[in-house]
Amino acid sequence: MLIRHAILPPLIRIVLFGLFGFAVTRLNLYLSYPDYFNVLNTNEVAIAFLKGIQFDIATLATTCLLFFILLLLPFKAIQKNRIRLLASYAIGIILFILFAYSLIDTSYFGEVKRHIGSEILNISHDIGAISGIAFSSRLGDTIRGVFILLGLWLIWSFFVIKPIKQSTAYLPSSIIIRLICFLLGAAFLVFAIRGFIPKGRPLNIADAFTQNGKLQQANLILNPTYLTFRESQKRLHQTPLKLVDKETLSTFEHNNPQFFTWQNPQAIPSKKNIVFILLESWTYKYIDSLSGSHYQATPFFDSLVKQSQVWDNYYAAGQRSIIGIQSVLSSIPALPNEPTIGFGLEIKQMSRIADIANQYNYRTIMMQTSNRRSFQMENIAKAQGFSEYYGKEDIPIIRDYPQEPPHFGWDYDSLQFLANQLINGKGQQPFFTFFFSGTTHEPFPRLPAEFEIYPHHQRQESGYLNALRYSDWSLQQFFNRIENEPWFKDTIFIFSADHTLNLLKDNPSCASNDKQCETATAISNEDFHIPLLIYTPDGSLAPVRHSSLASQYDLLPTMVDLLGFKEKIHTFGHSLFDTQQKDFVYLFQNDLLGMSTANQWLFFNEKGIQAQSGALDENTLEHLHRLKLKLQYADELIRHNKWAD
């Protein structure tokens, strides 16, 4: 006897079974590596299983989308038992392939302590070897996996297939009601694919990190199929860097096994606070005290220059904010064939500044003026180990403005909010704070009259200079607010831009004269020249103007050095207080790799040099060869998740 029911019950059963199956494979992973996961407490494990549902249902909705839609179609011809059963069997086949893949991934996880990811694209020639391992050294895992799949098949048969066989679909007589039900079901699937994130960027690998920022928990949360799909998608059009031959690289690796490691084993914890302010688009040439210009946009910053250590030859790692964030927080090089932090890189092994600071009982705060999920910063904060994170949604507007808050937020109100957090957190010291400003990002907003020292324009230099004047004033008000706090003199203030201003000058001819525009936008090392200032109110760092080369990659080891942390870190740079001087700095511009020395610069790719400052001397060519070795070595380590081994 067939039982009539609505369309949805079989779908609900399929989804519940899929989530149950993924939970079983996640439990298998957890139980297989107790030594790896023992850093997680019971609450963190429970959160991992609950948050894992977000990735599981996104995976389920994505892989079975067509068959789910088929089961939702409100037509009697489609809702016949035979078609429903065939669609259910197809979904079952997909699910069991995913379950089997997750179980195979568990064995792989034991080798590298991460999920398979895009490595799946490289194993086609190793199927025989993998099969041999599965039935020899990993025989126990294989047998356990087979029993898990058999158990899931029995549950699938009785919980999903049997009810479908014993029932027939009931469709409402009204076509409008049918259509509404279909649209609601389709909307749910889209929402599920997005990971139930209603707006902004959809679910991302970085969302696996929770507030504690533990990589172990993120690996427990992630669905292996989801990770493989996302990483493989990016990898399909990417190949390993080929800047030097394998033999030369092998010799370099053999002679420099710890090349990207930095440590000060004699360090003594300073218990100093750090306030790191990453300044959106602040450019060296627009700061009068640095470049000798007369824009008059940064009077407060100019006053700090006289009291601080300044690096006049300091360069951004790239021309995008996310590259600057990656370089200062993790010191991992930006490469054309690797993801950036917040978009896949964070799942790799790396040094995490807030996580290190947490080990020394620091209060760790991260904040940006933009929306919380902008640049995936909320997830980056979690991945780095920051205990507190704030974005535009948290910040009250306390000043009158001639327009609504711009997309990238107001610097003044945000810095005042940060001041409140620091002042009201009495007793929560020492602290490490990372703040990312935003008002100087294009399009430039209308500002109160006192800041419009140039004609306003949303997309030209004059509008930027007004925003720069406002941002500088915002810094001054922040300092006025905190300078009498007892912890002020124990704080190290670090100011760095994320990148330079990426705009043409106010040049009307650029609209019609392509040659002039092409000349104006020709790349050089000046497109990466940004300010770096380290200020200590107690005078522990005497004011100095350094002429040595410096890069954003140097800031992670520099901060570890200033705070007296003994931890070994993995970095593409070195502490700015090391006696060793840099011969060159690395610059990244999309598909071009760049280098700047004390007197020359160039940009290149695998095909050769694409732009240069002039005839290259012998020293520059030697530095170029060494940079190529460093980059290819770094690419290999990151690709195989051995950067922080």
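Cβ atoms here come from the backbone N, Cα and C positions, even for glycine.
Where the annotation comes from TrEMBL, it is an automatic prediction and has not been curated.
The active site annotation in TrEMBL covers Ser321. Taking Cβ-Cβ distances under 8 Å and a sequence separation of 6 or more, the neighbours of Ser321 (active site) in its chain are Glu280, Phe375, Phe436, Asp498, His499.
All chains included, 29 other C-beta atoms sit within 10 angstroms of the C-beta of Asp498 (Mn(2+) binding site). The feature Mn(2+) binding site is assigned by TrEMBL to Glu280, Asp498, His499.
Annotation for His441 (substrate binding site): spatial neighbours Glu280, Ser281, Pro406, His407, Phe408, criterion Cβ-Cβ under 8 Å with sequence separation of six or more. In three-state terms derived from DSSP, His441 (substrate binding site) belongs to neither a helical nor a strand segment and is classed as coil. Annotated substrate binding site per TrEMBL: His441, in sequence order.
The domain 'Sulfatase N-terminal' feature in TrEMBL is assigned to 272-564. Summarising model confidence by region, the domain 'Sulfatase N-terminal' (272-564) averages a pLDDT of 92.
Here TrEMBL flags 12-33 (among others) as transmembrane segment. Under 8 Å from some Cβ of the transmembrane segment (12-33) lie the Cβ atoms of residues 45, 48-49, 52-53, 56-57, 59-60, 64, 88, 91, 95, 98-99, 102-103, 105-106, 109-110, 141, 144-145, 148, 152, 155-156, 159-160, 163, 220, 223, all in the same chain and six or more residues away from its ends.
Residues annotated as transmembrane segment in TrEMBL: 53-73 (among others).
The annotation transmembrane segment is assigned in TrEMBL to 85-104 (among others). Beyond the ends of the transmembrane segment (85-104), by six or more residues, the same chain brings 10, 14, 17-18, 21-22, 24-26, 28-29, 59-60, 63-64, 67-68, 70-71, 116, 141, 145, 148-149, 152-153, 156, 160-161, 164-165, 223-225, 228 to within a C-beta distance below 8 angstroms of the stretch.
Feature annotation from TrEMBL assigns transmembrane segment to 145-164 (among others). Residues 9-10, 13-14, 16-17, 20-21, 24-25, 28, 81, 84-85, 88-89, 92, 95-96, 99-100, 103-104, 106 of the same chain sit 6 or more residues outside the transmembrane segment (145-164) yet have a Cβ under 8 Å from a Cβ within it.
According to TrEMBL, the transmembrane segment annotation covers 176-197 (among others). Long-range neighbours of the transmembrane segment (176-197) within the same chain, counting only residues 6 or more positions beyond its ends whose Cβ lies under 8 Å from a Cβ of the stretch, are 7-8, 11, 54-55, 57-58, 60-62, 65, 68-69, 72-74, 203, 207, 373.
Neighbouring residues of the recorded Mn(2+) site, listed in sequence order and excluding Glu280, Asp498, His499, comprise Leu278, Leu279, Ser281, Trp282, Ala316, Ser321, Gly324, His441, Ala497, Thr500, Ile530 (Cβ within 8 Å of the Cβ centroid).
If one looks beyond the transmembrane segment (53-73) by at least 6 residues along the same chain, the residues whose Cβ comes under 8 Å of a Cβ in the stretch are 7, 10-11, 14-15, 18-19, 22-23, 79, 83-84, 87-88, 90-91, 94-95, 98, 181-182, 185-186, 189, 192-196, 203, 207-208, 221-223, 225-226, 229. Note on His499 (Mn(2+) binding site): other Cβ atoms within 10 Å of its Cβ, all shown chains, come to 25.
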